[in-house]
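S.K.: Reproduced below are the annotations present in Swiss-Prot:
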- 163-304: domain 'Peptidase S30' (DOMAIN)
- 214: active site, for P1 proteinase activity (ACT_SITE)
- 223: active site, for P1 proteinase activity (ACT_SITE)
- 256: active site, for P1 proteinase activity (ACT_SITE)
- 358-361: motif 'Involved in interaction with stylet and aphid transmission' (MOTIF)
- 641-763: domain 'Peptidase C6' (DOMAIN)
- 649: active site, for helper component proteinase activity (ACT_SITE)
- 722: active site, for helper component proteinase activity (ACT_SITE)
- 997-1007: compositional bias 'Basic and acidic residues' (COMPBIAS)
- 997-1016: region 'Disordered' (REGION)
């Protein structure tokens, strides 16, 4: 018996006929069988199953067939196939339903009919008790079916597949996710469809983002289709990142595809598979990218993609661009370059003009002006690279290149000649008349450099017009004040410092908060201060030395005694010699007192002396009126204290200025002082130089004009000013300077200010000692040609110091010093040669004057001529400043004496000058006496030897002429006339006989030597 099947598997038949012996013949694959074959197979099957087959004499009924259960199963399958192609009633478009039905039918047919490569073709039933021969019937059926269906083929070779264990696969996943997270890479999860994910930074942390459809311009109801395995893999990858809670308000444009794990967002939101993928927001609620929404919601909701950001930027940009487009363009605008290149050029210009990390970053908006206006080399280098990029890669944008070039040129317009601006302020800063005010205004405008505006240029042009009209109209008026009515009391009220009254700059204890200023103040502490270790004691810091002397600090009082008597002794301090108020204590301009630049007095006009200033630790003490203010220093080490280096105590003034500087300007302020101001000032500068530095800082940082200064003590004996720090002063009796703010200190800058104190050093050299030593050196070198030559080579202007005494000038003229100077300086340095000629002419006139008063008047007449030659000095050295100081004093003394004489007053300074001349002459005569003594000794030794030779060579009795010559020579040599007792030894032998003495007694060698020694 044989049976043909369309989709029946051989295994089913094997189960049915499990106990029988079968012979199976492979047949063709039924996947490609057509409908006719299937129909014929069905009819054959039904004929076998429903009709009894007669084999010989016996009938075989349906119940007797061994494959009756198989018939029932095949019948049900055939019934299903019969109705397989029928169309179901569905809603929707006809064409779409038809296409879907055809596709589904093909899939189900292929799934139904596709079986294994072999089916049962022939079944052999062994003989039973009923001997039935079914061979013929089965062969007929098989022959009819195999003509179309039988196709023999070799069975496929099964390939063995190797599978990784679950633990190894997990390790591979873990390593892959670690690499993706560290390198911010893109990962693709592939199943039936691929899902892409990327890693990027979001709100300060690294997060996982999935690629969704709306990011590529597609608006679908389901933004991300993902199967379960991909969701599990994506969740496993998301677990590698920190599960931080995300603020709902921070989810905006650019957060599309953000994968949030359950717990990182509010519990009220919907999750699936333990995570939430951001799509956008609809009616204030976030939408998951995997959720299915309606078409209306899909097109009305706000998607949080980066493309939305670009649209939000470009659409307003395009709208405003068209709105501001200029009228009257002479040509028709066409697209000549691509929009992409225009965007690239716009990005280059943005980074060149306003460098930032994001155009929406507010912090970049605040810091960018400082970067653009600054002069950092990194900023200029970056802008130069961008300009080179424009030239090389974008030559079709010449307007962008020209714009950036002009910007860099404008930025490089910086005025570096600070000395000229300061000199202008020193020369005419105190004059309030035209044209001096115009010159000062032009100087300040030019100092601005690249910060100039159009209004500044117009103002400068106006001032230059006024200068051109009034440049030659210079006048100077000076009046002498009287100290009898001078009063300069200090205020008992404390100065109001706005910087210390702002609550934002004070802590909970009311102390000043340095902020960024304290961080940048380290440039002062490290470079110009010395650390004090309290563990080592304070003894070595008590004596504060300077070149002129020393004073004692009160730092030793930090170690206090519990004995009240000892404490009372410490309060008294150690006083110096106290000086009264004099001209050295005042400052005048245009005949009026400049009170801030004068010493403080009491109500009766007497000087107010300093008392003991108590020490403190780690403080900056400011304020001169009322109670001082104590600010905590921004120390580097809480256990250390700091004291200014010797010669740099003026750094406490700059520390006080830093209090009023803005925090954003503190870095430039401290660097400018460290790199520019301090190298110019050096150690122990003059007060005028310190005031000039403060004036320069006030131009760049106007807030420092209101800054309070530390206390300043004046030591008139040593011509020194002491800027006090927190360690006070144990030495008392100094005068006190009244100035309290920076604007008052700047008054010392003006050259028209008449004050001795502006030349005082904030620490420094003793100028009086230096001047006296230079004069002594000049006197010593008059009769030492080698020493004079060395002085003329190293310090040529030292010869001007000779005008302090007419005797020194005459001695230098007689010794040939001026002639030696002329030979040395001609023709290379005509200025010095002219100066030597002037001094030589003055010395010639002094030799003709008999009276000392006449000699002084001649020197005063030549003082102005000498000063004019000194102003144009070609060498800068120490002797030049000393010479200018002495000549200036001569001129000032002459003018004051003249004013007194015109007023009817008697001038008593002549006696002082006579006494000074006698003092100098004593030293000069002592030097000359030593020189004469040496000359006499050398002369006497020479004549002694000559006379001894003559006494032996000639006979005095026979050679009378030679005797007379001998006596004449001795008389001239020893300057002793023969008629005197000293000349008795020179008389003739005849004279000695009359006196009763023999010639041997007179002219023996021994007696002659004694007489010669007596004459010497």
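Cβ from N, Cα, C; glycine included.
Since the structure is predicted, the reported quantities are computational estimates derived from the model, not experimental observations.
Map the listed features onto the structure and describe their local environment.
M.R.: Of all Cβ atoms in the shown protein chains, 22 besides its own fall within 10 Å of the Cβ of residue 214 (active site, for P1 proteinase activity).
Applying an 8 A CB threshold to same-chain residues 6+ apart, the list for residue 223 (active site, for P1 proteinase activity) reads 212, 213, 214, 279, 289, 290.
Taking the Cβ of residue 256 (active site, for P1 proteinase activity) as reference, residues of its chain lying under 8 Å away and at least six apart in sequence are, in sequence order, 209, 212, 214, 215, 278, 279, 280, 289, 303, 304, 305, 306.
Helix first, then strand, then coil: DSSP counts for the motif 'Involved in interaction with stylet and aphid transmission' (358-361) stand at 0 helix, 0 strand, 4 coil.
On the 0 to 100 pLDDT scale, the domain 'Peptidase C6' (641-763) averages 87 in this prediction.
Secondary structure at residue 649 (active site, for helper component proteinase activity), as computed by DSSP, is coil.
Counting Cβ atoms from all protein chains shown, residue 722 (active site, for helper component proteinase activity) has 24 others lying within 10 Å of its own Cβ.
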S.K.: Work out, from DSSP, the number of helix, strand and coil residues along the domain 'Peptidase C6' (641-763).
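M.R.: Taking each residue of the domain 'Peptidase C6' (641-763) in turn, the totals are 57 helix, 24 strand, 42 coil.
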S.K.: Is the motif 'Involved in interaction with stylet and aphid transmission' (358-361) packed against any residues at least 6 beyond its ends, judged by a Cβ distance under 8 Å, and which are they?
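M.R.: Contacts with the motif 'Involved in interaction with stylet and aphid transmission' (358-361): 350.
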S.K.: Return only the integer: C-alpha distance in Å from residue 722 (active site, for helper component proteinase activity) to residue 649 (active site, for helper component proteinase activity).
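M.R.: The separation of the Cα atoms works out to 8 Å.
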S.K.: Please list, for the domain 'Peptidase S30' (163-304), how many residues fall into helix, strand and coil according to DSSP.
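M.R.: Helix, strand and coil residues of the domain 'Peptidase S30' (163-304) number 42 helix, 39 strand, 61 coil.
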